[in-house]
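This report concerns only the one structure given below.
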């Protein structure tokens, strides 16, 4: 228990869990419910990553990688499912796009900017980043093609039914691609996902850890870094119990959070789509974002870039398709037909990121470019 509480300084925010639940049970105003549950989910996401990492340390590399991949974006998936149950389709779609933009532009931009301020140039593994870039192009394909499909079919009477069928088929294909990507990364081509120090980068988790990756201790400049193998700090049974309890608490807080979205949209004069695009992606990734910048400042750009691109791929290839399938199961029609603005935002973002990571090195100005793009998109959504 002590090791669990010490795993992150964010655990002080766990006090907001009872506040969030009580605020909803006592029917307090939507702002109080939203803020308390919003803050409560941040440390819960960190604990979810911690418990997943502890489990992965007690399993084989492949099984550990699968655990990390499965629970890496569990918070976004849970929030999306709760929003689907509430019929907030626009919020779900906006949160999907928001998660992609947040990782591609905000997180990666912060890593490049702050890392670039400390180091004139930073280098990273081009083999793994090229694979990520190729899969991000698949994201463009997934977002743009349904829009074109909708445009071609807009004059037909059964257009909505066709959109849903097309989206469900696309979701199944994307899940298959994601499964094959995990096979590629964890098994057949694992050696290509190695840093210069022969550490392997596997599927990321919300705890910002990677399977088989030793994160070096902070050292004085000029001192030689030494690898220290990761060791489990809690028992297997406690890891499982913690994982179950944290998942249940996240589900409860996410349910209350989603129920308050329409209320805070009116109170704060914001559109539900803006809340989904900007605010909700922060909930599950805040701890991870901070750690990504921290490792970038330590010149571990393979890890920092792996977080941003890895999370983006998980959202695009796993979370979004799963939400479509879950909607299918609970009879909620969620299509992959996004607005033209949302589609263009993803298209341009992926192009910018691919151009920046293409040469295998980065600087602070490239970080400014990504952050500027994110701010422009956020302002556009706020005004719309």
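If you go along the chain as it appears here, the first residue is 1 and each next one adds 1.
For all residues, glycine too, the Cβ spot is worked out from N, Cα and C.
Unlike curated records, TrEMBL annotations are generated automatically.
Predicted, not measured: the structure shown is a model, and the values here were computed from it.
Feature annotation (TrEMBL): of 7-26, 187-206, the stretch labelled transmembrane segment is 7-26.
Contact between the transmembrane segment (236-258) and the transmembrane segment (131-149) is not supported: fewer than 3 Cβ pairs lie under 8 Å, counting only residues 6 or more apart in sequence.
Contact between the transmembrane segment (164-184) and the transmembrane segment (278-297) is not supported, since fewer than 3 Cβ pairs fall under 8 Å when only residues 6 or more apart in sequence are counted. Within the same chain, residues 93-94, 97, 100-101, 104-105, 108, 112, 124, 126, 129, 132-133, 136-137, 139-140, 142-144, 146-147, 149-150, 163, 166-167, 170-171, 305, 309, 320, 324, 366, 369-370, 373, 377, 380, 384 sit at least 6 positions outside the transmembrane segment (336-357) and bring their C-beta atoms closer than 8 Å to a C-beta of that stretch. Same-chain residues lying 6+ beyond the ends of the transmembrane segment (7-26) with a Cβ under 8 Å from its Cβ atoms: 32-33, 36-37, 39-40, 42-44, 46-47, 50, 207, 233, 249, 252-253, 256-257, 259-260, 286-287.
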